[in-house]
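Everything on this sheet refers to the single structure shown next.
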Amino acid sequence: MRNTARWAATLGLTATAVCGPLAGASLASPATAPASLYAPSALVLTVGHGESAATAAPLRAVTLTCAPTASGTHPAAAAACAELRAAHGDPSALAAEDSVMCTREYAPVVVTVDGVWQGRRLSYERTFANECVKNAGSASVFTF
């Protein structure tokens with residue numbers, strides 16, 4: 001009987017020692033700082049000749065990071081980020097420039113965008129009739 005009382009006391013003290021700090025930690029967790037102050041926006045953009053990204057070899061690829069500041073290997077990162085912000089991160093919503101005149105030559109160019117925009121996964125592919133149409137379709141995002 002005395003051994004049972006000792007075991008019960010030992011288990012009670014062990015449970016208090018192990019679980020006591022955990023209870024205090026759960027009370028303190030709402031006061032801790034958030035892991036990140038902004039949602040990540042980091043993209044990889046590619047361009048290649050062909051009708052589909054599956055069959056076209058990428059000719060060029062750039063990185064574009066838009067949060068917290070515009071950076072990456074994209075030659076006009078700040079302008080490209082501003083255009084994507086205006087389109088709410090949707091590359092298909094980028095406004096085409098009406099003032100650009102392009103030939104009707106068919107030399108397909110495919111662009112892809114893969115990555116994360118404001119914490120959401122993004123995957124986009126579009127085929128343009130030629131390089132001129134691609135550059136007119138987005139002032140900065142696909143001009144690299």
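Glycine is treated like the rest: Cβ placed from N, Cα and C.
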Partner cysteine of CYS102 (disulphide bond, per Swiss-Prot) from CYS66, CYS132: CYS132
Rounded distance in angstrom between the Cα atoms of CYS66 (disulfide bond) and CYS132 (disulfide bond): 26
Disulfide-bonded residues compared (CYS81, CYS102, CYS132) - highest count of Cβ atoms within 10 Å: CYS81
Distance from CYS132 (disulfide bond) back to CYS81 (disulfide bond), taken between C-alpha atoms, in Å: 21
